[in-house]
């Protein structure tokens, strides 16, 4: 038994040795701390792992102990960041701030230039228009003495001058049937809320009258001067003339109601109505700032603001004249009105600045766009002095800004003649001197405006538009450019064209109208279609635009804001 056991022991031991090595290998594989050939002793390795685990647990306990409110506050106070990692964004924000800071200066430069343009067109009605009407009538009455050398009795410009003069005279006498005092007391008897609503309705009606009124006047001028050889496609000159008389008369009454409402606001004891009417300007910010604008829409709104500001100045003049008449022209009462007048003007300027500043900010429009607007207005003035001028300057201002001087002139003449009594030779001499003073002011204003306009046109590089003859093209197709072989000096042409008299052109010759079918100095030139195709990828965010020279106050735009 012992021998068997002893004999089996080596076999078991031999087999067991192999199995033991396999078990040792499995043990070493299963237990990282197991002993094996070339490995440190198991107890020392276990102690090392235990030391590492205890170190980690100690670090966790320390980190939990350091998480405190004081440490969080310390981290928030000492945390840093680097703005240069987003340099483009912050540079753009800084440029927006600089643009908003430049807006008041650039906007007021445009406003001053536009107001003087309106003043020039307004003074024309009182100064040069009567003289032009006198010359036209003199030609008409003395024509039989010289013989009929031309098929036309009068030139088209002379016909339009006579029509304007007759409109002024007829509407002036019609205004005598409107009692200003009764209108004043009727409006004064209304409540403040009613007057506020009435004033807002009058502003809307004034815009609608201006929009449709210029069309009526243009239709009258064209109907009266249209060549007789053409087929008649109108209802006649007399119906158009009666429509023009009715329009000028109704628009003059509407402006009179506006002036009367403003006068009531000035004379109210608590000035509540004046405050409400001034707050109406700030409501305008809400209606325009948060809407999408393009350059052309902003140009229309700028023209509207120029017209509105000039009209308010004339209304304030009418209010001052009526109040001074009621107080027997006491100079002390003028100082009573002066603070209210300054408050109205200051509120109008502040509203315009805030409105334009935020519109340019929200629509990414630079402040340089106002110099382009000014150059466009200057182009109208320069082009109206050329031989190929197709309209009078006062009419171009009316189309561009919506300022029609005839109704406002009728009302001002009516107020001045009713407020100032002319009696005696000395009074008539003062009136004559005042008239010559107005003529002097008109001439000086025109000379300065013409010089400034030439500078603005040259600076904007728009001189070529004044002298290039547009090629024949059908409506809807852009005209193609034809290179001119010989071009005279632009400065000589510019100086000569603004001083030369217009000449009559034949009917079969295309008139030299200033036309353009693209936004030449805002976007891209006209004829470079290949360049336009290449740049379409860069200008996908821009919509198609019209030339500023083709945009008037009454252009229908998809995003039109008044």
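For all residues, glycine too, the Cβ spot is worked out from N, Cα and C.
What you are looking at is a predicted structure, and each value in this text was computed from that prediction instead of being measured.
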Which listed span TrEMBL calls transmembrane segment, if the choices are 162-178, 179-195, 196-212, 213-229: 162-178
Annotated transmembrane segment segment (source TrEMBL; candidates 349-366, 367-384, 385-402, 403-420): 403-420
Residues from the same chain, set at least six apart from the ends of the transmembrane segment (403-420), whose C-beta lies under 8 A from its own: 118, 121-122, 124-126, 164, 167-168, 171-172, 175-176, 180, 209-210, 213-214, 217, 248-249, 251-252, 254-256, 259, 306-307, 310-311, 314, 317-318, 321-322, 324-325, 394, 397
Leading stretch by Cβ pairs under 8 Å, where the reference is the transmembrane segment (110-142) and the options are 162-178, 237-257, 426-451: 426-451
